[in-house]
Amino acid sequence: MAEKPEELSLPVASVSRVVNDALPPNVNVSQEARKVIAKTASVFVLYTTATAASLASKAGRKTMNANDVLAALMENDFPQFKEPLERSLEHYRETQKKKKESTTARKSEQANTSKPGKSPSPNSKKSPKQKATAAEEPEAASDSEGED
């Protein structure tokens with residue numbers, strides 16, 4: 001982690017992509033403006049993170065969560081960001097839930113599907129003792145056949 005807040009900043013290239021996506025194509029942004037926007041965004045993130053961490057600490061938790069970040073926005077007088085971020089968070093949670101369900105279903109399907117051309121061994125679901133007994137039975141049968 002960086003020693004000083006001044007050393008923490010978002011990459012200008014990443015911020016430039018966000019800026020370019022947000023503006024109409026006929027608008028140009030100087031390199032100086034991009035650097036200022038990157039620095040401003042970094043300060044906003046640090047300030048919000050520090051407030052959210054403080055709220056989590058006051059609640060007796062070491063880990064801050066999304067609700068702490070949303071509460072930090074309100075405490076830092078940025079209520080206009082709360083609703084869009086709540087929608088984004090809900091969308092993220094739904095996406096994660098669908099991914100988890102898809103993965104679970106796929107794993108379940110793979111477990112239920114046996115490989116073609118292979119049949120399970122007759123001893124595959126038996127305990128070691130049952131397997132040993134099953135292995136001895138054919139020998140006993142062959143011994144009794146020879147005695148007649």
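Just so it is clear, glycine is given a Cβ too, placed from its N, Cα and C backbone atoms.
Database features, via TrEMBL:
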- 89-109: compositional bias 'Basic and acidic residues' (COMPBIAS)
- 114-125: compositional bias 'Low complexity' (COMPBIAS)
- 136-148: compositional bias 'Acidic residues' (COMPBIAS)
- 9-73: domain 'Transcription factor CBF/NF-Y/archaeal histone' (DOMAIN)
- 89-148: region 'Disordered' (REGION)
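Predicted-model confidence for the domain 'Transcription factor CBF/NF-Y/archaeal histone' (9-73) is 92, expressed as mean pLDDT.
Remark: secondary structure over the compositional bias 'Basic and acidic residues' (89-109) totals 21 helix, 0 strand, 0 coil, with classes taken from DSSP.
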